[in-house]
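Q: Mind looking over this structure? Questions follow.
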Amino acid sequence: MEPSSETGMDPPLSQETFEDLWSLLPDPLQTVTCRLDNLSEFPDYPLAADMTVLQEGLMGNAVPTVTSCAVPSTDDYAGKYGLQLDFQQNGTAKSVTCTYSPELNKLFCQLAKTCPLLVRVESPPPRGSILRATAVYKKSEHVAEVVKRCPHHERSVEPGEDAAPPSHLMRVEGNLQAYYMEDVNSGRHSVCVPYEGPQVGTECTTVLYNYMCNSSCMGGMNRRPILTIITLETPQGLLLGRRCFEVRVCACPGRDRRTEEDNYTKKRGLKPSGKRELAHPPSSEPPLPKKRLVVVDDDEEIFTLRIKGRSRYEMIKKLNDALELQESLDQQKVTIKCRKCRDEIKPKKGKKLLVKDEQPDSE
């Protein structure tokens with residue numbers, strides 16, 4: 001008896017039966033071709049902006065390359081988009097927490113205080129561009145080192161309190177899209193934010209930065225001057241513009257700015273702008289030499305007067321001549337009176353009064 005009759009089940013499918021079933025399935029290539037051909041029946045809808053940028057980046061002929069140098073350049077480069085930086089003018093009062101000196105191209109700020117940076121461009125950069133801020137040492141003997149916070153301030157941050165790594169000097173305030181990077185080749189720290197166009201009625205974009213360590217901290221900057229490099233880059237890392245300025249993190253920004261500006265003007269041979277001299281109107285007459293005689297009696301001191309107008313001069317001259325004549329007459333009267341008094345004096349007991357330069361009679 002056959003097994004099929006005993007169990008009451010159909011025999012298993014053979015290889016020929018499986019091939020017959022597979023041939024009944026539609027061809028996947030033909031299905032995709034039909035679906036692509038059916039796209040012509042739908043109206044043309046524009047792609048999203050993000051998709052357009054993505055296709056341009058993927059289908060472009062030029063392959064973007066990111067340049068990473070051990071010593072970043074500090075030369076200003078506006079680029080074809082005209083990158084410019086501006087700062088708020090806060091003066092040099094003692095109460096300011098952040099002030100910028102255009103003469104020195106230097107920013108003075110306090111620890112962990114807000115430093116508004118105004119970014120301006122002449123034409124909008126490509127979509128998805130970023131602004132990168134990097135701190136480097138200014139002097140050549142220190143430029144190879146990475147700018148970091150001192151161990152004291154680095155340990156003062158509680159884990160999870162700040163999104164930035166504890167060793168990073170710079171922070172971005174009020175922007176949740178900011179992200180912090182460390183270069184794999186040089187180890188330099190940087191903070192990046194997406195570039196956002198100016199708001200309606202404004203000409204610049206504001207980015208709020210913080211410096212989280214003093215310039216005088218031991219183990220950190222250790223009184224070594226630093227520079228901040230602001231670069232405008234594409235999403236692929238291509239440089240579009242660069243600006244640079246010096247930074248000093250101190251306790252009294254206004255005082256330090258005045259001191260450094262005065263020292264700078266002295267080196268250039270100019271007078272500090274702290275005090276202004278009174279402006280005197282120009283005079284056509286040549287200045288007369290000042291004459292002063294050192295005498296004992298105040299009445300014998302000689303003064304020089306500058307008189308405006310010929311008539312006034314003649315009148316005062318006549319008055320002066322009259323006073324001098326009166327003085328000479330008074331002296332003559334005193335001399336005559338003294339002589340008369342001397343002649344009226346008679347010697348006692350018949351003796352002749354001796355006069356000066358007169359010899360006595362010989363006996």
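Keep in mind that glycine also has a Cβ here, set from the backbone N, Cα and C atoms.
Sharing the record's features from Swiss-Prot:
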type	residues	note
REGION	1-29	region 'Transcription activation (acidic)'
DNA_BIND	76-267	DNA-binding region
SITE	Lys94	site 'Interaction with DNA'
BINDING	Cys150, His153, Cys213, Cys217	Zn(2+) binding site
REGION	248-255	region 'Interaction with DNA'
REGION	257-290	region 'Disordered'
MOTIF	275-292	motif 'Bipartite nuclear localization signal'
REGION	300-331	region 'Oligomerization'
MOTIF	314-325	motif 'Nuclear export signal'
REGION	344-356	region 'Basic (repression of DNA-binding)'
Q: Indicate whether Cys150 (Zn(2+) binding site) is helix, strand or coil by DSSP.
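A: In the DSSP reduction, Cys150 (Zn(2+) binding site) maps to coil.
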Q: Could you work out which of the binding-site residues (Cys150, Cys213, Cys217) has its C-beta surrounded by the smallest number of other C-beta atoms within 10 A?
A: Cys217
Q: Since the record lists Lys94, His153 as recorded positions, which of them has the fewest other Cβ atoms within 10 Å of its Cβ?
A: Lys94
Q: Determine, to the nearest whole angstrom, how far the Cα atom of Cys213 (Zn(2+) binding site) is from the Cα atom of Lys94 (site 'Interaction with DNA').
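A: Cys213 (Zn(2+) binding site) and Lys94 (site 'Interaction with DNA') have their Cα atoms 20 Å apart.
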Q: In whole Å, how far does the CA atom of Cys150 (Zn(2+) binding site) lie from that of Lys94 (site 'Interaction with DNA')?
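A: Cα-Cα distance, Cys150 (Zn(2+) binding site) to Lys94 (site 'Interaction with DNA'): 26 Å.
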Q: Would you list the other residues of this chain near Zn(2+) - those whose C-beta lies within 8 angstroms of the C-beta centroid of Cys150, His153, Cys213, Cys217 - in sequence order?
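A: Neighbours found: Arg149, Pro151, His152, Glu154, Met212, Asn214, Gly219, Gly220, Met221.
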Q: Can you tell me the three-state DSSP label for Lys94 (site 'Interaction with DNA')?
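A: The three-state answer is coil.
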Q: Measure from the CA atom of Lys94 (site 'Interaction with DNA') to the CA atom of Cys217 (Zn(2+) binding site) and give the result in Å, rounded to a whole number.
A: 21
Q: About how far apart, in whole Å, are the alpha carbons (Cα) of His153 (Zn(2+) binding site) and Lys94 (site 'Interaction with DNA')?
A: 24
